[in-house]
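Chemist: Sending over a structure as structure tokens; questions will come in a sec.
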Amino acid sequence: METFLFTSESVNEGHPDKLCDQISDAVLDACLEQDPDSKVACETCTKTNMVMVFGEITTKATVDYEKIVRDTCRSIGFISDDVGLDADKCKVLVNIEQQSPDIAQGVHGHFTKRPEDIGAGDQGHMFGYATDETPELMPLSHVLATKIGAKLTEVRKNGTCRWLRPNGKTQVTGEYYNDNGAMVPVRVHTVLISTQHDETVTNDEIARDLKEHVIKPIIPEKYLDDKTIFHLNPSGRFVIGGPHGDAGLTGRKIIIDTYGGWGAHGGGAFSGKDPTKVDRSGAYIVRQAAKSVVANGMARRALVQVSYAIGVPEPLSVFVDTYGTGLIPDKEILKIVKESFDFRPGMMTINLDLKRGGNGRFLKTAAYGHFGRDDPDFTWEVVKPLKWDKPQA
């Protein structure tokens, strides 16, 4: 059996770039909660002792941006300079303006357009992907890297590993074989964890705790063997972390947010963007389409692309590739997808209920992935029943 190696990485919520994603989406939640028609394009950047939120926001909501920044930093665990940032003492800069009236007129007709006539907020192309290798219909390498990162945060916050600090990165290399286009995981080849820690812990203790409390509960035994390689804090020391260690910026972890390098990516980030931004809503609808194709048994693996022009409601193109795993031709699957999903931005917003913010809805998406999550707020993960005729054996 000929196999190959494929690697996916993740970062947890204390990584500076992810901190910025979470602040941007916390701002989005706050705006949408009070005004579902808010137009939000909120960026965040951070470095030692400083967080800045900036961008274009048009909303009737009353939003305390500084409070959102401090609350988000605090909830992640940035409560002192020792861990990389002090939520209560850091400088918070705000530079937010209104959305350009040119964009507002072209896209929304200043709110005079019907939902089906609302144009895309920008040009671009987005991809959705699904694969039958996990129950989530997501790539195993990505799922494991993401869940290990989430587990790191869990054992830090519940006190299991008191030496942990907020910043951390994970990476999983899977060994696969190609079953006529479908991806079949054979084993986990390598697990890499680099996590921020305090001064009190030794490298041996770090390795022991990570294996026992983080890796063991997450990676199924069937994927581990005596040849699996573990790199646990291979650099030896990671005390300085968070914004003190590295600058952070919204939208720099787009592969971690999606499919871990599998499928494809159009390049647009998600966090801090309201649903008129097709970078986000378009990527959500094509994930639902790809997932529905696989979940309905039409293919074992699927990639769906959609593209847009600014101000134009109808997509310019829709594309489907099942990598040779389709039970019917891709052109027939494409026809079913186009008949079953409404790719117009205004309709995607309604069908996926994307104007509903608050309760940390979009904040949740900003760490540990936007896809493959079992959460009713992730409406794009709901499988749509598709009508198709299975070929006779």
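Heads up, the Cβ atoms here are built off N, Cα and C, so glycines get one too.
Got these off Swiss-Prot a minute ago, pasting:
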type	residues	note
BINDING	E9	Mg(2+) binding site
BINDING	H15, N167, G168, K169, S235, G236, R237, F238, D246, R252, K253, A269, K273, K277	ATP binding site
BINDING	E43	K(+) binding site
BINDING	E56, Q99, D246, K277	L-methionine binding site
Chemist: Non-local Cβ contacts of E56 (L-methionine binding site) (under 8 Å, 6 or more apart, same chain)?
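Modeler: The answer is K39, A41, I96, E97, Q98, Q99, S100.
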Chemist: Given the binding-site residues R237, K277, which one's Cβ is surrounded by the fewest other Cβ atoms within 10 Å?
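Modeler: Relative to the other binding-site residues in R237, K277, R237 has the fewest Cβ atoms within 10 Å.
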Chemist: Give me the long-range Cβ neighbours of K273 (ATP binding site): same chain, 6+ apart, Cβ under 8 Å, in sequence order.
Modeler: L28, V40, A41, C42, D279, R280
Chemist: What is the total of other Cβ atoms whose distance to the Cβ of K253 (ATP binding site) is within 10 Å?
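Modeler: K253 (ATP binding site) is surrounded by 24 other Cβ atoms within 10 Å.
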Chemist: In whole Å, how far is the residue listed as 'Mg(2+) binding site' from R237 (ATP binding site) when you measure between their Cα atoms?
Modeler: 20
Chemist: Would you identify the secondary structure of the residue listed as 'K(+) binding site' according to DSSP, in three states?
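Modeler: Once the DSSP labels are grouped into three classes, the residue listed as 'K(+) binding site' ends up as strand.
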Chemist: Distance check, please: Cα of K277 (L-methionine binding site) against Cα of E43 (K(+) binding site), rounded to an integer number of angstrom.
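Modeler: Cα of K277 (L-methionine binding site) to Cα of E43 (K(+) binding site) measures 14 Å after rounding.
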Chemist: Going by DSSP, is D246 (ATP binding site) sitting in a helix, a strand, or coil?
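Modeler: D246 (ATP binding site) sits in coil per DSSP, no helix or strand.
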